[in-house]
Amino acid sequence: RLRKRPSKNVNVLLVLSQSCVWYGECGMNPEGKSYNCKYTGLPIPLPKDGYDLMQELCPGLFFDNVSVCCDVQQLQTLKNNLQLPLQFLSRCPSCFYNLINLFCELTCSPHQVDFLNVTNTVPYYDPVTQKNKTSITELQYCIGESFANAMYNACKDVEAPSSNDKALGLLCGKDAKDCNATNWIEYMFSKNNGQTPFSIIPIFSDISVHGMSPMNNATKGCNESTDNVTGPCSCQDCSLVCGPKPQPPPPPAPWLLLGLDAMYVIMWIAYMGFLLVFFAVIFGVWCYRKRHLVSEYTPIDSNIAFSVNSRHDNGEASCGERLGERFENCLRLTFMSWGAFCVRNPRPVVLFSLVFIAMCCSGMMYMKITTKPVDLWSSPSSQARKEKQYFDTHFGPFFRTEQLIIRAPHSKPHIYSPYPSGADVPFGPPLDKDILYQVLDLQNAIENITASYDNETVMLKDVCLAPLAPYNNNCTILSVLNYFQNSYSVLNHSVGDEFFVYADYHTHFLYCYPAFLAKKDLCHVFIVGFSVFSLQPLPFLRIDENYNNATALVITFPVQNYYNETHKLMRALAWEKEFISFVKNYQNSNLTISFSAERSIEDEINRESNSDISTVLISYAVMFLYISIALGHIKSCKRFLVDSKISLGIAGILIVLSSVACSLGIFSYFGIPLTLVVIEVIPFLVLAVGVDNIFIIVQTFQRDERLPGETLDKQIGRILGDVAPSILLSSFSETVAFFLGTLSTMPAVRTFSLFAGMAVFIDFLLQITCFISLLGLDIKRQERNQMDILCCIKGGEEDSEVEHSESILLLFFKDLYSPCLLKDWMRPIVVCTPSLIVRLDQENLFEPNINHSRKLRTDSYVMDYLNYLSKYLHAGPPVYFVLEEGHSYTSLEGQNMVCGGVGCNNNSLVQQVFTAAEIDSYTRIGFPPSSWIDDYFDWVKPQSSCCRVYNTTGQFCNASVVDVSCMRCRPLTEEGKWRPQGGDFMKFLPMFLSDNPNPKCGKGGHAAYSSAVNFINNNSDVGATYFMTYHTVLKTSADFIDAMKKARIIADNITETMGIKEKNYRVFPYSVFYVFYEQYLTIVRDTIFNLCVSLGSIFLVTTVLLGFEVWAAAMVSITIAMILVNMFGIMWLWSISLNAVSLVNLVMSCGISVEFCSHVTRAFTVSTKGSRVERAEEALFRMGSSVFSGITLTKFGGIVVLFFSKSQIFQIFYFRMYLAMVVLGATHGLIFLPVMLSYIGPSVNKAKTRAAQERYKRTERERLLYF
């Protein structure tokens, strides 16, 4: 026989001698594997019953009379031993062609003597032929280096889809990246791999050595076809076919000006430009005043405002001014009449209010509270929620995870020194054998945890994930102890003598973790590899390097999750509850255990809500106490209980809380569930709004003096006519803004806006009805000298009429604060300071973020778990690329659009995900996808022993079954070797998905793919399917958000390139975290939308209710916008992330800001003083003092209490943000806004001034107001 031997320049033809080194089988090794019989004669013609096997396995030797050095039994043994490599490598025909060439030459070549050398034999007596024979137990195999390298290069890229890894990672005894040509062949030829019956020592050389010529047959590259029918390997299995590795797009270049961040430069230039223009205008006005000797109270624009005490006419009022005056007068008269009516008829009004409250509150019987995180943060109509629903209904929900992170704080790292040679290997503290014993005790104890539900006993085995069930019901437990079969005896086993230990659990661990599929380690210690829980590593098990340096052990107990199976789900929840209780109470001083169950987050959120009730109640109690005392104006100690308004304050607070209860009840009637955000935030909001209104009404009455002949009802009516438009302005602005907030798609924001808008509106109605009646009753009590609370007892001093009085706070604002703030030298400082803060806030204005630990109490066990999770566990979450129902898998075209093997499209689904994994740093797709369809094609090949049926019944026959009636599913013909299509595809697919992997068939799809394929039409067609891979390690919120965005881009591109964009199905990605992070894809847009809608509605309502004062409404809106911008700055400085909770607080701060700004602005517009400065000063001391006492001081006391909460969500999102919104609201509404009004506030409304002049002409009121 002639063989070409490669050389650098020429091909040398070698004439090879025909002679064997073995023939036939004789004897067995201790594991039951057959030895070959030594034979040194000429090749023997193969019996005809072996022709089919020879053509199937070694067609290159099927010529002439087929004289070879093997018999039929040896061919059958070769076929059996090649099953696993066939199943994993035949997806690349060139790779398997080279591999089979290696073994065919070894087993049957008629020229064995040229490259094989027998080095060890044992005698054997054949009981059948009764002859003495010689069994070969060791030989040398001279393999050409060129051949070995070519074979490795053709196979190194071949994928194993079910494990998201390279096939050589499963067949080399090492991780794929550590595998090379020599150690791969050495591992395959080692008898310690559990497959090879005797040692075959490979010698790699391209020249003759030890009298042997190398076996250097011609090879096929992975980019070459093996015949005229089969194409080259796919891009996924051959990098040469793919071409250059794709490169991620370069990151966008930073926007720079003058070498600095452009936004930074622009904001500084804008700020400096503003200061320049502002001070230039101030200087110009100052010079103008000096030249014309104009008073400092003259407005900047020199337009002297019209005043009622001027004796000359300054022109006619405009049409807009007259319209505003008429609207204002209409509101004043309406509220005046209504106030007088409520005071005259207190009992009917109060009774009607109580009936209304009772009717609304009765709806709380139907109240539902949502605590599920998914329902809180993800809208049912959102893309991620719909995709989750689709995934759960077609494939079942993602399994529930119970996880332990175990550390050994008292153990120290130790060094293992291999014997007789080898480098020292460090082992981390938890890999001490005593610690592993204790961890195994814990693991076994958890397996035996017993729970009870509905009179049923529930154990882990009843709820665990068992992917091989019903054939193997063992639970899946992801634990390092699987390497030791979860056995004390295996863990303790060692090999050695009285002097030295050759191998123990150290050597086994070092061998096992990179070769977890091995059946036997190379140190003769254990028969291991396959876990007792699963015969195949599950797709979600990731293998990393340097496990021996571990500082912690992670043990995961996957538990079944259920969709619409409440009873089964409740059983799992019951077991999880006992699991949490058990681990909490587990005592072992050598172990530190951090843990979490699937239900832990929800449980802890509920516990947080319940445990912080006391904190919230104390906070409200502080506010209640302040309100009750601050409302009264005590003249003397003797009249303390007469002049106090404790009962009125309590009544006002109860009205505020009743409005909240009414809102809850009304929407509960309609079945709208509450959220924790609503319960925690809305009372705070409505208290701020309601208490402010109460202070304005009561303090305005206290400062007012009853006119001659005026009765109490008319006095309160007149006061209500003055202040109710201002209350209507703030309340209606907030109501409209909140109701428009329901346009948001975020459930937490939408629900909050709905309940808040209704609560504020009802609070306004109750305050102008019930509270006014109660105020009238309280004043009558005071006038009758009856004590507060103890109303039947009279006080010591008679006082028939309640005299007007000015509080200390009012005097402070009137005599000290307002004049000082509006000094010429102070006002420029005030204007410039907020401008600087606004500029600083532009940096990192929107930075969406989420941190689950912030939702929990600081003393929660989950906090400890989350901290260590990010420290010790470095595994990316799984992601599923789901192909919706509608695709045709039975046609060749449909298969090529999806699969990733030979003949598949270069832009197929699997290939595009594979390409994305090539640039994982950009796409955040960490690994090639697991492809059920590619593994199915490998499984169904007629050369494989996987797909077999009983020839009598047609039922599936597992590869491990030994039965002569089992026959291959498809014929070993050219047609049979093609992919199954049409009816054949659907006929064998259910068999594949029910087949458990085993040593004879590692491609069984039951464990990896049983849930990946959804059958429709009575199992006659394939519906939705998924292809799973993993994201890269994701640590920050930005990582999670970017991963979701990139996965969606990939899926959209797949949908487009598959040409199914116009059809009724698509490809979409799904991962368990998408529903929580999707809000952050649109959080900036949602924030801008919600706040702009709120500001726009506030502007429109304020314009109308201020009597069409457009400029005044604009100033209110601008000031509120500045408060919001500064809120973002505070959030950034105080590490408050932008998420649904903080967005709710921002919407709320928009409402509270109206309270700080609208009252002062309206007081400015109705003031009839001569200049803007005077009008601003009057507005500030008249309304500012009420706003300060009603909101700022009230809320400040309640906010401080929140600081002591153990809940991080209270400390961060409530204490910090509430404090910020109150401080910013007060500084802008009571400092910045009055100053801006003094500069550029609207001119006085001439129509309103003339109306006021006529109304108070020749009355004491005229003197009080204008002189």
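Placement of Cβ uses the backbone N, Cα and C atoms for every residue, glycine included.
Annotated features, as they stand in TrEMBL:
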DOMAIN    612-777  domain 'SSD'
SIGNAL    1-26  signal peptide
TRANSMEM  255-288  transmembrane segment
TRANSMEM  349-367  transmembrane segment
TRANSMEM  613-634  transmembrane segment
TRANSMEM  646-670  transmembrane segment
TRANSMEM  676-698  transmembrane segment
TRANSMEM  719-740  transmembrane segment
TRANSMEM  752-777  transmembrane segment
TRANSMEM  1088-1108  transmembrane segment
TRANSMEM  1114-1134  transmembrane segment
TRANSMEM  1141-1161  transmembrane segment
TRANSMEM  1181-1205  transmembrane segment
TRANSMEM  1217-1240  transmembrane segment
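By the Cβ criterion (under 8 Å, sequence separation of 6 or more), the transmembrane segment (752-777) is in contact with the transmembrane segment (676-698), since 3+ such pairs are found.
Contact count against the transmembrane segment (1141-1161) (Cβ pairs under 8 Å) is highest for 1217-1240, out of 349-367, 646-670, 719-740, 1088-1108, 1217-1240. With a threshold of 8 Å between CB atoms, the same-chain residues lying at least 6 positions outside the transmembrane segment (719-740) that come near it are 328, 331-336, 338-339, 689, 692-693, 696-697, 700-701, 704, 753-754, 756-757, 760-761, 763-764, 767-768, 772, 1093-1095, 1097-1098, 1100-1102, 1105-1106, 1147, 1150-1151, 1154-1155, 1158-1159, 1162-1163, 1183. With a cut-off of 8 Å between Cβ atoms, the residues of this chain six or more beyond the transmembrane segment (1088-1108) that come close are 320, 323-325, 327-328, 331, 725, 728-729, 732-734, 736-738, 740-741, 743-744, 749, 1114, 1116-1117, 1120-1121, 1124, 1143, 1146-1147, 1150-1151, 1154, 1158, 1161-1162, 1165, 1245, 1248. Summarised as a single figure, the pLDDT of the domain 'SSD' (612-777) averages 81.
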